[in-house]
Amino acid sequence: MISVLQPVEVTNVPEDEILIICFNEVLPLGEGTLTIAFQGTLNDKMHGFYRSVYELNGEKKNMAVTQFEPADARRCFPCWDEPAFKAVFKITLEVPSETVALSNMPVIEEKVNGPTKTVYFQESPIMSTYLVAVIVGIFDYVEDFTTDGTRVRVYTQVGKSAQGKFALEVALKTLVLFKEYFAVPYPLPKMDMIAIPDFASGAMENYGLVTYRETALLFDEKHSAAANKQRVAVVVAHELAHQWFGNLVTMEWWTHLWLNEGFATWVSYLAADQFFPEWNVWTQFLEESTTGFKLDALAGSHPIEVDINHVDEIDEIFDAISYRKGASVIRMLQSYLGAEVFQKSLAAYIKRFAYSNAKTEDLWAALEEGSGEPVRTLMHSWTKQQGYPVVSVKLKDGKLQLEQTQFLSSGSTGVGQWVVPVTLCCCSYSRQEKFLFDGKQEDFDLSGLMECQKKDNFWIKLNVNQTSFYRVSYDEELASRLRYAIETNKLSAADRYGVLDDAYALCMAGKQKLVSLLHLIATYKDETEYTVLAHAITTSLNIAEMMAVAAPEELGSLKKFLIDFLEPFAQKLGWDAKSGEGHLNALLRGTLLTALAELGHEATINEAVRRFNVFLEDRETPLLPPDVRKAAYVALMQTVNKSNKTGYESLLKIYRETDLSQEKVRVLGSLASCPDPVVVREALDFILSPEVRNQDAIFLLRGVCSGAHEVAWQWLKENWDYILGAYSGTLLTYFVNITVSPLATDEKGDEAEEFFKSRTKASIARTVKQSIERVRINAQWVKSIKGEADLGNVIRALAHKQ
């Protein structure tokens, strides 16, 4: 006999997002069915079940989309909305007859009833609520099948399906690669990927129905840049990796988010390297590590395994620690254990926890079992405490003296200690040593490398090929020898990158002089690798930004040095692609020309304006291909001021006329690069207009001219109440981080503290704290630069030496 119990009290607790249902008797043990009638709003917040606006034949229409991660399935239907509460889902939708309805599983039946139809979907395997997906709209698609028969489709707005072909090709290869790598077949009968016009994050790995921003899925052969192509490949691989690592095996709780995101980030590079070896993606991966390093060098960072006590705290940990540091320590561990052992152990882990949940300890246990190495002991120090070490190196009496301390960008000394997998090479890569360094100090006997030490060209490099997550500080003698090794091209591209990245971080922390860093940059004058030169450019522009505050009278000489450093590379590459040139040259050309424009290089700006004017009249001209468009737009904005806004208006014209999201992003990223604060302010106001989708505000904010950060800060304060109402989640944290972090005086730090004192809420508290800490670090670096008595003479000497 079935008994039906009615609740006597139903209480909603909005601040904790829970519903309490009370019955007048104790519920019996066993299975039961809880039936709840509910209704919800198709909101415009890009969370839960929401609407996205698109155009069809010139008419604006709404599509219905879901975004449930981390905890928004509850906005759509009542559920136990936590990753460990897995369930099967059998979804039925009633939708307008002319629309396409999609969900995680294939359609088994459709019944049309006049203007509406009912769509029945196959029952899903057991899965977490945050992976459920429903989409309704009018779409085109391209499709193909994997070698073992899985149907793969890329859905787009009507008329854009050709732009889905590249992502489709990547997806087909990726599903086959991961089936082999994880030794488990893709678990579902189909894989749909769809481009959504309004989408808060980059992409979302919903089981069998992956959603993407248009910029992360679509590639237009004529109007997308090489950087867009690479992004599509890496993001598609990242999301499809989640079908195993995240969806089939799911983290037990958000504390272990890094298991999903760190792993998917790492393995997306493994896939990209397999399909596009000419891209040198493992060297480019170092940019991911650097992003992780920067955040984790703050006192306000957090461990990879971070306690989450309330739903409001989850969004903020979708950050560089979970993704970039997570990926970097996985790469470090794979390098330590060896690729084959690592892969077999992962496959065993996937099999063991398929269709269930796992925590970090479970992964360590599988890797320890497969390798026989003390993985738990090694990795606890990397995931359970925040930060990372800097290993200081001295050479004395034939011994290498090592000391580890926690690295902090503030220059303070932290208390952390790690088990560091040290690798070193001496004079060549054929002589390498490996050992675990787990003490505070240790002497390493170099007697086996004595012959090398006697050579005039002797050098030592720790963290060979930058496979581990620590920095290295060399004494002056060893640093000098590494500069020589760079000049004579003895180091690998990864190690050239690492030497520069560590030196820049140490300089910012006040552990090394800026003059020393500038001399080091000068040694990269013959650099050949895209990622290394791009990093030298980023470093140089950051220095120029600090110099504008610390020693504005020397900024002209510094810019001359940097222009003279970059110009030969630009002259060699030119504005036009050479026949048969590679992907990396295309990436470098845009990066170089954009930097020269930002530095005010007259020849670059004049040529950019000439080409742009032709492009404005003829969008198909070969004079301004996609790889150099951003550079031309930034150069054009250097000619704009409040009295002459022709260039600004021309860019807005392009923005309004294009339907390609990547082109819109290129324009947005350039509008605020103008040196005139009045124009920057106008560009910032444009963010809040209906013409800019909420998700795209970040691109305009990131493009603010280095001299206009205080303008952006003032704008943020004046518009804060509106921004707080219009944006949420990670989008809101971007406003804080991007606008506050570049400020560089203690006065502005005090101002930010005072402003947010009464305006911080749980969902942005961590970001506010980190951003203000960055301001303090910048201010400290400015003071350190001011204290370098010989800086002006050195910069002027370098400016005339090139």
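Using the three backbone atoms N, Cα and C, a Cβ is placed for every residue, glycine included.
What TrEMBL records for E239 is active site, proton acceptor. The feature Zn(2+) binding site is assigned by TrEMBL to H238, H242, E261. Per TrEMBL, domain 'Aminopeptidase N-like N-terminal' is recorded for 14-131. For 166-382, the entry in TrEMBL reads domain 'Peptidase M1 membrane alanine aminopeptidase'. According to TrEMBL, the domain 'ERAP1-like C-terminal' annotation covers 459-776. Annotation comment: TrEMBL describes Y323 as site 'Transition state stabilizer'.
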Can you check which residues sit near E261 (Zn(2+) binding site), meaning Cβ under 8 Å from its Cβ, same chain, 6 or more apart in sequence, and list them in order? F318, S322, Y323, G326
Near H242 (Zn(2+) binding site), which residues of its chain come within a Cβ-Cβ distance under 8 Å, counting only those 6 or more away in sequence? E205, N260, A264
Cβ atoms other than its own within 10 Å of the Cβ of Y323 (site 'Transition state stabilizer'), all chains, total 23
Work out, from DSSP, the number of helix, strand and coil residues along the domain 'Aminopeptidase N-like N-terminal' (14-131). 9 helix, 48 strand, 61 coil
Whose Cβ lies within 8 Å of the mean position of the Cβ atoms of H238, H242, E261, the Zn(2+) site, other than those residues? E205, E239, A241, F245, G246, N260, F263, A264, T265, S268
Please compute the mean pLDDT of the model over the domain 'Aminopeptidase N-like N-terminal' (14-131). 96
Surrounding CB atoms that lie within 10 Å of the CB of E239 (active site, proton acceptor), all protein chains: 26
Which chain-mates of H238 (Zn(2+) binding site) that are at least 6 residues away have a CB under 8 A from its CB, listed by sequence? A203, A264, T265, V267, S268
